[in-house]
Amino acid sequence: MVLKSSEFNPDFPKQIIESGEWIFGDHASSFQKCYQCGTCTGACPSGRITALRTRKLIRSALAGIDSILSGDDLWMCTTCYECYEKCPREVKITDIIKIIRNIAAEKGYIAEPHRKTSLLVFKTGHAVPVNDEIKKARLAIGLTEIPPTTHKYPEALEIVRDIMEDLNFCKKVGICRETMDLEPLNVQKSEE
């Protein structure tokens, strides 16, 4: 695949660093140490069953190829930290992927499964709501049927929802409080 010069954003690596510094500190610039050995890709369990190539994501970030923001690969990472632990250059790959995801989300690019999980958190307070099977499993290991979370204390769910709205999370993900459903996202195209 041949790329045109118009497909490169020379400010993209800097944008990644600046977007992530306030959370990850110096780790936000660690991707600049990557020498493309491929250890991360070899270690990635998601990459064994999906098209995710961690090394390619990092290479694209370094090269300023910001089209990765709209791609599916960015959302295939399970954040297991296997690449993070194996990297010989101590590139904080999982953190870099989280930073790039945040940039993508700001522009309206969020994988649909992630949006649906966010909606579950908004509706129930949980990414994986308690069902009958989970209740049985909890009882079998000596726990109460309902965990001491929003399932047991439904009044806390409104607090969770308020926090999500106060952080503009609902707007970014496209959650409508009135319909309790997802709305289409407004995608911000890069300036060309």
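Quick reminder: no glycine exception, Cβ is built from N, Cα and C everywhere.
Per Swiss-Prot, domain '4Fe-4S ferredoxin-type' is recorded for 25-54. Marked as [4Fe-4S] cluster 1 binding site by Swiss-Prot: Cys34, Cys37, Cys40, Cys87. Per Swiss-Prot, [4Fe-4S] cluster 2 binding site is recorded for Cys44, Cys77, Cys80, Cys83, and the stated evidence type is sequence analysis.
Structure coloured by features recorded in Swiss-Prot.
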{"residue": "Cys34", "record": "[4Fe-4S] cluster 1 binding site", "contacts (Cβ under 8 Å, 6+ apart)": "Arg55, Ile58, Arg59, Leu62, Cys87, Arg89, Val91"}
{"residue": "Cys37", "record": "[4Fe-4S] cluster 1 binding site", "contacts (Cβ under 8 Å, 6+ apart)": "Arg55, Pro88, Arg89"}
{"residue": "Cys40", "record": "[4Fe-4S] cluster 1 binding site", "contacts (Cβ under 8 Å, 6+ apart)": "Thr54, Arg55, Ile58, Cys83, Lys86, Cys87, Val91, Ile93"}
{"residue": "Cys44", "record": "[4Fe-4S] cluster 2 binding site", "contacts (Cβ under 8 Å, 6+ apart)": "Leu52, Thr54, Cys77, Glu82, Cys83"}
{"residue": "Cys80", "record": "[4Fe-4S] cluster 2 binding site", "contacts (Cβ under 8 Å, 6+ apart)": "Pro45, Ser46, Thr94"}
According to DSSP, folded down to helix, strand and coil, what is Cys44 ([4Fe-4S] cluster 2 binding site)?
coil
Name the residue among the binding-site residues Cys77, Cys83 whose Cβ has the smallest number of other Cβ atoms within 10 Å.
Cys77
Show, in sequence order, which residues other than Cys34, Cys37, Cys40, Cys87 on the same chain lie with their Cβ within 8 Å of the centre of the Cβ atoms of the [4Fe-4S] cluster 1 site.
Tyr35, Gln36, Gly38, Thr39, Thr54, Arg55, Ile58, Cys83, Lys86, Pro88, Arg89, Val91, Ile93
With an 8 Å cut-off on Cβ distance to the Cys44, Cys77, Cys80, Cys83 Cβ center, who else from the chain surrounds the [4Fe-4S] cluster 2 site?
Cys40, Ala43, Pro45, Ser46, Gly47, Leu52, Thr54, Thr78, Thr79, Tyr81, Glu82, Tyr84, Ile93, Thr94, Ile97
Around the Cβ of Cys87 ([4Fe-4S] cluster 1 binding site), other Cβ atoms found within 10 Å total 21
